[in-house]
Each structure stands twice: as structure tokens, then as C-alpha cells.
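Single-structure report; data block below.
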């Protein structure tokens, strides 16, 4: 699948700071410690609607991860999937009397446009679930052969399931108790009440064909893959395990990331799936999480169509810490526009106060669990001083501009 074009990332003078990031599995902020090549997997969209600000917040958070790693001299091998066949996509296509393939292609194309406009660094591999079906089937065959998968005793729909206890470490990523798992499993695409399962928490690997649904003829039967096995396969096919970081929104902690890891670990026998699990908070509107199901969405494409500078969107979302659930408000949006104007005015000055200490502080803040509020405050202070009092350093405005571009992805 075609990815989008990445902006260039300028080289910044001075000493970088290594990235320490909150790990969901341990509950600690700890070093990411990649090797020469940092390996990142972030779960992509289910393309049945346009990119909203909740999506943008997640992908911008992991864009910062890439930028800090690049600043530290790492190559970054970034993989992202597209869930281009799944129940929400099929349901939306049926509701709107649309062809599900056309809908998926249209929304995936719009997502790429939005990411490019937001100056998000593109993944090296951008992989759809549909194109991955042969590899997914091979993975399920191996899980069946090893006893880490089973078929339902159902003459009509003998679906294939993954026993949640197939690995000894199930639950290590989310650290949830069974009651919480059951609740979230039911809320987030699971089927705890499916008759014939060995346990309510067992997860679907292969759904046998139903009337009116897309399906593929394979060695394990005609059907389509479950959600979690798609990411397991795509990550295993493109990244050595354990890779450095598995990322996504906080609504993916369970069940998606827990099962993706369990599927892969059951196949390979290698634990953990990823060395680090990081999750971005939700963006709210009118007191509710912004989501397609609720319909309380602010779309990136709609903002762009009204002439909103993508830098304003980035700054508005960076005003809060990436792990926090936070609201989108008109005040936040206005403050971001004011901030961008201040920074651009300061970057256009012929000289200013020394900027190296400020850049060092920005690096320190971003290296400490992507603390963007403190990073933005440090840059604000320099820009105000430069505008109000000036300074003798003729290189400072240019270095300021470079730092904002390299570390925050904002073109001044």
C-alpha cells in the first residue's frame, strides 16, 4: 500500500537527549534504548470515515518519538497498518449503500493527505490487512498446528479462535484484572457471549464467510481475519521481535495490543512482543471522547479546507501532554494560532538572544516522556524575549526555526 511523502528533517546543532517514555506494561517512564535502527509499530486506522483530531493526536505523538530518535542519530524503521476489512467499515458501507472497497480506498487516501499536510513522518511500510491475508492464514495454520488456536464445533460457522491463556504472560501489557478485561472486550469488538468458545476472553482469529460479507478462499476455509491477528502478522513480517515500541491510542491497550502481542508470542515463543508499549490519551469534545461511533468529531480535512495552518493543529494538540485525555476547545485553537504567529515573528528577526540553552531545554523536555507543554513554554519564553528585547546573536532566529522544525515538525 502506498504511503505518503515525508518532510525533510533538518539537522540540529548541539547535544541530543535520549528518549525516556512511559511504558504501559510496567507503569514506568523508562529509556527506550533502541540500537542503531529504532523499530516502531503504530496501529493505523479503520478507513470508514475521515481523520479526526483524536487520530491526529495519536499519530503526532509518535511523530515526536520518531523526531527525538532521529535527533539522537537513530535510523527509524516505522511500520503502520490499515485495517481495510473489519466490521465497522462493512457496517458503514452498508449504512451508506457504498462499496466497502471504494469507501476504504477513499478514506485511506484522505488519511494520507491529512498526514502529509500535518507533516507527520511517513512509515517505511504502510500495510493493509487485505494484502496481508496470505501471511495471516499461514500464521493461523501454525497456531492451529501448535494447539494455540482451535475451531468452534459449529457446523454452520466453524470460526477459529485463540485461547487467551495460550501464553503464560497474557495480561502483562494491560495489567487488567479479568473483570475489566471482560468489560473492555465486550465494548471494543470482542464477542464474549459467542456460543461454543472455551472461554469468553478467547479472541477471533478467522471468521468464516457469512452472507453478504467479503471473504477469501484459503486453506483454513473461506472467510476473513480477525482484528488482532492482522497487526500481529504485519509486525512480525516487517520487524524483528522484540521491536522497540508498540504504539497507539489508549483505547487499544486492551484488547487489541494485549492480543496482538499474545498471538505473536504464541507463534514465536519469544517474549515480549515489544520492549515498550506507549499509548496516547483521548481527545474530547463537549465532555465526551471524540469518536466515530459518537459522531462528535472535528475532522482534520475540514479544518484544512477552511485554511487552518497545520502548524496550529500540531500546536493545539501539543499544548497538553500526549498521555492525558484532554478536550478540544475554541480557546485551545485560538491560543495555538497566537503561539504560531509569535514564533514566526521571532524566527523572522535578524537577531535575538542566545538560543542554545533553550534548545537544550526543549530536548530535555521532549526526552522526558514527550513533555510538550514544558517544551512549548521554553520556546514561548525565547520568542517573547526576542520580540520584546532583541538580542545580539544573528544565528539565533535560524536555530530557533530549525529546532521547531526538527523537534516539533512545525515549519516557521
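For all residues, glycine too, the Cβ spot is worked out from N, Cα and C.
As recorded in Swiss-Prot:
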REGION    1-30  region 'Disordered'
BINDING   43, 231, 256  Zn(2+) binding site
BINDING   43, 44, 45, 46, 58, 81, 82, 83, 227, 249, 250, 251, 283  L-cysteinyl-5'-AMP binding site
MOTIF     45-55  motif ''HIGH' region'
MOTIF     187-192  motif ''ERGGDP' region'
MOTIF     289-293  motif ''KMSKS' region'
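Mapped onto this structure are the features recorded in Swiss-Prot.
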residue : record                          : Cβ within 10 Å
43      : Zn(2+) binding site             : 23
45      : L-cysteinyl-5'-AMP binding site : 25
58      : L-cysteinyl-5'-AMP binding site : 27
82      : L-cysteinyl-5'-AMP binding site : 25
227     : L-cysteinyl-5'-AMP binding site : 25
231     : Zn(2+) binding site             : 31
250     : L-cysteinyl-5'-AMP binding site : 17
256     : Zn(2+) binding site             : 24
283     : L-cysteinyl-5'-AMP binding site : 26
For the region 'Disordered' (1-30), distant same-chain residues with Cβ under 8 A (at least six beyond the ends): 65, 67-73, 82, 108, 112-113, 115-116, 119-128, 131, 172-175, 245, 253, 257, 272, 276-279, 323, 356, 359-360, 363-364, 366-370, 399, 402-403, 405-407, 409, 411
Alpha-carbon spacing, residue 231 (Zn(2+) binding site) to residue 45 (L-cysteinyl-5'-AMP binding site), which is rounded to whole Å: 12
Residue 256 (Zn(2+) binding site) and residue 250 (L-cysteinyl-5'-AMP binding site), Cα-Cα, nearest whole angstrom: 10
Distance, residue 43 (Zn(2+) binding site) to residue 82 (L-cysteinyl-5'-AMP binding site) (CA atoms, angstrom): 8
Between residue 256 (Zn(2+) binding site) and residue 45 (L-cysteinyl-5'-AMP binding site): CA-CA distance (Å): 13
Structural state census, the motif ''ERGGDP' region' (187-192) (DSSP three-state): 1 helix, 0 strand, 5 coil
Within 10 angstroms of residue 256 (Zn(2+) binding site), Cα basis - binding-site residues out of 58, 227, 283: 227
Whole-number Å value for how far residue 58 (L-cysteinyl-5'-AMP binding site) lies from residue 43 (Zn(2+) binding site) (Cα to Cα): 10
